[in-house]
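The structure appears below as structure tokens.
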């Protein structure tokens, strides 16, 4: 297997994308956070002491997408043109599922930006509600879809 982030001496390197074409890139990732009923109720009734949890998580997810190249060593800085979030609440499971779609025109994809955004958004929920429930679980952070670039479309089955 040829790993593009390693040189011939197995040293890490940032991939040279200068010869790649600029194309539309889009990726969507998702993840879930499970919590106690008390924590879930505090979020949906907007009574958490740290403020509006879901709105803050959305803002954090957007910031996370924009900061990806500062957090993941081999990621290129990108001119992101769109970050869109969607949160599904599941009362029976006491969980929230966060979806983040990131879009840009560039020479490299935005998969890492969408995955980072989901991670930061869910971590923000954890941070804001941990006084009520320290046993929350963040799970199932996955790439749902991507399109653009040489590898084409991907859709999680």
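Including glycine, each Cβ sits where the backbone N, Cα and C put it.
Database features, via Swiss-Prot:
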type	residues	note
BINDING	74, 75, 76, 112, 113	substrate binding site
ACT_SITE	127	active site
On a simple 10 Å Cβ count over all chains shown, which one of the binding-site residues 74, 112 is most densely packed?
112
Taking the Cβ of residue 76 (substrate binding site) as the centre, count every other Cβ atom within 10 Å, in any protein chain shown.
15
Substrate site shell beyond 74, 75, 76, 112, 113, criterion: Cβ within 8 Å of Cβ centroid:
68, 69, 72, 78, 108
Might you list, by sequence position, any residue in that chain lying six or more from residue 75 (substrate binding site) with a Cβ less than 8 Å away from its Cβ?
68, 69, 112, 113
Identify, in sequence order, the residues in the chain of the residue listed as 'active site' that are 6 or more apart from it along the sequence and have a CB within less than 8 Å of its CB; answer 'none' if there are none.
50
Would you count the other CB atoms within 10 A of the CB of residue 113 (substrate binding site), including those on all shown protein chains?
28
